[in-house]
Amino acid sequence: MSELSVDHLLGIKYLKKEDIELIFQTADHFKEVINRPIKKVPSLRDVTIANLFFENSTRTRLSFELAEKRLSADVVNFSAASSSVKKGETLIDTVNNILSMKVDMVVMRHPNPGAGIFLSKHVNASIINAGDGAHEHPTQALLDSYSIREKLGEVAGKKVVIVGDILHSRVALSNIFALKLQGAEVKVCGPTTLIPKYITSLGVEVETNLRKALEWCDVANMLRVQHERMDISYFPSTREYVQLFGVNKAILDSLDKEIVVMHPGPINRGVEITSDVADSDQAIILDQVQNGVAVRMAVIYLLASKIKQL
Amino acid sequence: MKLLIRSAKIIDNESPFNNKVMDILVEDGNIKEIAPQIKTKKVDREITLDNLHVSQGWFDSSVNFGEPGFEDRETLENGLRTAGKSGFTSIALNSGNDPVTDNKGAVSFLKNKAQGQPVALYPIGALTRKSEGTEMAELFDMQQAGAVAFGDYQRAVSNPNMLKLALQYTQNFDGLVLSFPQENKIAGNGQVNEHEMSTLLGLKGIPALAEELQITRDLYILEYTGGKLHIPTISTAKAVDIIRDAKEKGLDVTCGVAIHNLFFTDEILKEFDTNAKVLPPLRTKADVKALLQGIKDGTIDMVTTDHSPMDVEHKKVEFDNALYGTLGLESALGALLKITSLKTAVKMLTAGKSRFNIPENVIEEGAPANLTFFDPEVTYTFEKEHIWSTSRNSLFLGQELKGKVYGILSDSTFLASED
């Protein structure tokens, strides 16, 4: 396979296994590039990319922007706080205005599930979903799988537990799709109030006990509690959350094996994981961040090559 | 005016001519004669149509237009015309306009606007002022002006004491109370049915529990108060069971179901189509199966289109930002005949009349001619050209439907669908 089966990256559930393999092979190449003294390639010199962030983001936006710049694309940034969205402009109008300035590709983060899919049907550009509400965050899942592959050799057959707020998490959903597609086993663990009632229909198991989950897994992906997405209180206090679902070094050391700890960031130190876990050798959190740039370069490159002769 | 309808198969359980192909002579709005072959030379109009079937005029218990307040979505005039062309001779119009139909003047405005139209408009008055759920509206006054029932459109009566008082108070004048089945705290900010599809799409779910809990509560109150309660649109399997039990107990409760809740499941949400954003939400196959069973065994009393014209500005947006509702009038027969028998379809389209105190006109000599004409066999793909509404938000676009309406005869006027 030399090109992606899709024209947009809207979610992992629209990808084939071969797409993921192609993205990873391409990312391997770019990871080598970004570790060179000159971290830049001229591949996307004729491509203009707009990063549209209708929701706050620091690392994802930075990661995309770096990926784009290292591919030599022209980049424009847009965030909702400084936009006409607040003046009542519709999403389609906002994007079409930007596209009429000859933009080829849109990277969009948006608070509403399905916003990327909606946009792909109404505007003429390649869309990369950088997170749409509680739906998907495909590049995060790709970089997570890529990091597991890098650390453990392959994803197939590995046991991964996703811990935390599954209900509000696009990272959880995309990770479930990506891991299942590659043949990993997946469990989710967290307060039952934050686990969708029908989550097992996605082929994952629910484990309510953190220790059991950790004993079972090869990798624990610790999600952030997304207070900003909660309309009501799903658990009584952070203190109690930590007691039930916080991972500290003592728990890790008491396990029979050395598991890999991941976190999509930003970390609430002392909540999902303690500082000594975050900074330990078992944590690959900063590898994830670095891989994020390489994986995003791969995705952008592969999608751009479908619209331009590179 | 004399009108002769040739070779029409009469579908009317109450009529002595049920299932017979007859000629029908209508004079000055009344059925003058029904016979196998009527020989009359002087008629003003003769109607001969392929595979012509005729039934009592249909009634829809839950319709929304846009007037007053949202005329760009639909006007009363075009809305009523659309209803007529779709086979309905009478409709109950929900109170959710702007301003809300919550007083005598607002009811009179609607009645006056609908004067002279072949389709009869029966306003539903709001149960509470501005449908805010806090103070009861002047129900009797609205009934005097022509309101046939009282309910806050798509808003549950959250305060149980409000429902208790309303069910008690309306007994003084035989009023019908509508209660939208949704427990708001459980529903939260839910957008679609909570199930596998909502999980897959990351959309906030409305659990079936929200509907079932509210209906259960309402029925407990009804059992205590007496009175007449109608649940306008149910959508879950357990809701059917709960209402079946209540009817067996002898409670005066009726319920309806929206045709789209019978025709579609939440599977159709896959592409985030905002026309599939309806309330109550589209549920699962098991729910649809139970709803159809509820129709069969009489638990569900009537179907409705829950017709909700919506401007493109509120549909061509991100799913969370879209408003609820789909058009339903134009596709009503075609969709129903895909899922039920002709006999059931006609029964479901006429059965609501008695509950809403709307005249029933059996097809017999001497009765007022209030008729719907249709061909139940013709199949077609529902396209934009089949939409007569001002708005275009039909979930049925692209669906294969069965059965087309020829028109209605009501108030001495023949309104043809193709006009």
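Positions of Cβ are set from backbone N, Cα and C atoms, glycine also.
A:R109 is the residue from A:R109, A:R239 that TrEMBL records in the carbamoyl phosphate site together with A:R59, A:T60, A:H137, A:Q140, A:G265, A:P266.
In this structure the C-alpha atoms belonging to A:T60 (carbamoyl phosphate binding site) and A:R170 (L-aspartate binding site) are separated by 13 Å.
For the carbamoyl phosphate site listed in the record, the two most distant Cα atoms among A:R59, A:T60, A:R109, A:H137, A:Q140, A:G265, A:P266 lie 16 Å apart. Using the Cβ center of A:R59, A:T60, A:R109, A:H137, A:Q140, A:G265, A:P266 for carbamoyl phosphate, the list of other same-chain residues with Cβ within 8 Å runs, in sequence order, A:S57, A:T58, A:S63, A:A130, A:G131, A:V171, A:P264. Following the DSSP three-state reduction, the secondary structure of A:R109 (carbamoyl phosphate binding site) is strand. In sequence order, the binding-site residues near A:R170 (L-aspartate binding site) (Cα within 10 Å of its Cα) are A:H137, drawn from A:R109, A:H137, A:G265, A:P266. Of A:R59, A:R109, A:Q140, A:R170, A:G265, listed as binding-site residues, those near chain B by the criterion of a Cβ under 8 Å from one of its Cβ atoms are A:R170.
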